[in-house]
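As annotated by TrEMBL, ATP binding site applies to G10, R72, T73, G102, E103, G104, T105. Positions annotated as substrate binding site by TrEMBL: T125, I126, D127, R162, M169, G170, R171, E221, R265, H271, I272, Q273, R274. As annotated by TrEMBL, domain 'Phosphofructokinase' applies to 2-297. Sequence annotations record features per position, and here TrEMBL assigns site 'Important for substrate specificity' to G104.
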Amino acid sequence: MRIGILTSGGDCPGLNAVIRGAVLKGDRVYGHDFVGFKWGWKGVVEGDLMELPRHRVRGLSKEGGTILGSSRTNPYEAGGGPENIQKVLDKNGIDAIIAIGGEGTLTAARRLSDDGLKIVGVPKTIDNDIASTDYSFGFDTAVGIATEAIDRLRTTAESHQRCMVVEVMGRYVGWIALHAGMAAGAHAILIPEVSATIEQICEWVESVRDRGRAPVIVVSEGFHLPTMDGAHSHKGLDPFGRPLLGGIADIIAPMIEERTGIESRATVIGHIQRGGAPSAFDRVLATRLGIASVDAVQAGKWGTMVALRGTDVVDVSITDATRNLNAVPRRRWDEAALLFG
Ligand SMILES: Nc1ncnc2c1ncn2[C@@H]1O[C@H](COP(=O)(O)OP(=O)(O)O)[C@@H](O)[C@H]1O
Ligand SMILES: O=P(O)(O)OC[C@H]1O[C@](O)(COP(=O)(O)O)[C@@H](O)[C@@H]1O
Ligand SMILES: [Mg+2]
């Protein structure tokens, strides 16, 4: 078989480890050939390919980013669609696609699979917002980077008796905030799934200050106060129509300072959370998912996504995985909130 691999959506530590795992298993065990589609679905629509012989994936599991490049191209637009894509596959002798992406990419994969293309999905995202898998690779690395940043902000906060408001990524789910906040001992964690008023936030801040400590508040980019319409997005849309989130920390920090009198600073960690080498956990998870994706292709399990369930890698339906976002359950926030203030 000749298998095409693509990486689509925001990049994420571990993408290269998936590619390596897939190529090594496919080459060694099944004798498959691999090509990479460049720039996500764009390469599929335009037939922009690179060969992926075994030596091309040597040493890749520790490398950040993706050797294939990524984009947020919609495969149903700009000359795409199932018939045109099938022509590109036929022209290049490609039998099946392994699509590595987040909930957007996998929704596209599900539609193309429903339209008859042979596709297997691999869940990637630092946000951990994909359902049907316990974790997506990239999340552990992002949490590690955010935790280190919060630890560092805490020492400078203590030196100046300031309040630090630290904004992390995650789009419409608060997993990175919840885990990094718990790991770093934040005094409050604000996530999109759970409402909190500015009065409640200031109560937590004042209680920390009254104990002689410097308050550290972690906020997820998708969080909004009850007085706001929705997630803060002052930068408009990206070229593919998605709201550019970010900046809620810059709104909350001055509100805290005004109401409590505590000098406050906002830090937006941003894309550092997505860059660089994957953690050991993510290298292992990504490699295992890459291996499993080739097994799913070999078995003709079209329309499935490989996923982590406990310590096992299993196959699930992409339709099920993309029906709803994997939101933080209320009980997980309640558990963390016992330690706030
Ligand atoms: N319903 C859909 N049909 C076709 N393409 C989609 C659909 N939803 C998302 N996509 C495409 O997938 C791209 C990647 O999705 P995005 O959410 O940006 O990243 P990720 O895959 O990492 O979640 C989107 O920009 C869009 O072009
Ligand atoms: O790469 P961009 O366009 O700046 O997008 C930033 C967004 O991408 C992410 O890092 C990852 O999101 P996806 O997994 O959906 O691509 C989000 O946390 C963040 O909101
Ligand atoms: Mg996404």
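Just so it is clear, glycine is given a Cβ too, placed from its N, Cα and C backbone atoms.
All TrEMBL annotations are machine predictions without curation.
Known features from TrEMBL, placed on the structure.
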residue : record                 : DSSP (3 states)
G102    : ATP binding site       : coil
T125    : substrate binding site : coil
M169    : substrate binding site : coil
R265    : substrate binding site : strand
I272    : substrate binding site : helix
Which whole-number value in Å describes the distance between the Cα atoms of R274 (substrate binding site) and E103 (ATP binding site)?
17
What number of additional C-beta atoms lies within 10 angstroms of the C-beta atom of T105 (ATP binding site)?
29
For ligand 1, list the binding-site residues among G10, R265, R274 whose CB atom is within a distance below 6 Å of it, in sequence order.
G10
Filtered binding-site residues, from R72, T73, M169, R265, whose Cβ is under 6 Å from an atom of ligand 2:
M169
Consider only the binding-site residues R72, E103, T105, T125, I272, R274: which of them have a Cβ under 6 Å from an atom of ligand 3? Write none if no residue does.
E103, T125
On the 0 to 100 pLDDT scale, where does the domain 'Phosphofructokinase' (2-297) sit on average?
97
Looking only at G10, R72, T73, G102, E103, G104, T105, which the record lists for ATP, tell me the maximum pairwise CA distance in angstrom.
14
Name the secondary structure element type, per DSSP in three states, that contains T73 (ATP binding site).
coil
Measure from the Cβ of G104 (ATP binding site) and count the other Cβ atoms within 10 Å, all protein chains considered.
17
Per 10 Å Cβ neighbour count, which of the binding-site residues T73, T125 ranks highest?
T125
Among the binding-site residues M169, R171, R265, I272, report those whose Cα falls within 10 Å of that of G10 (ATP binding site); none is a fine answer.
none
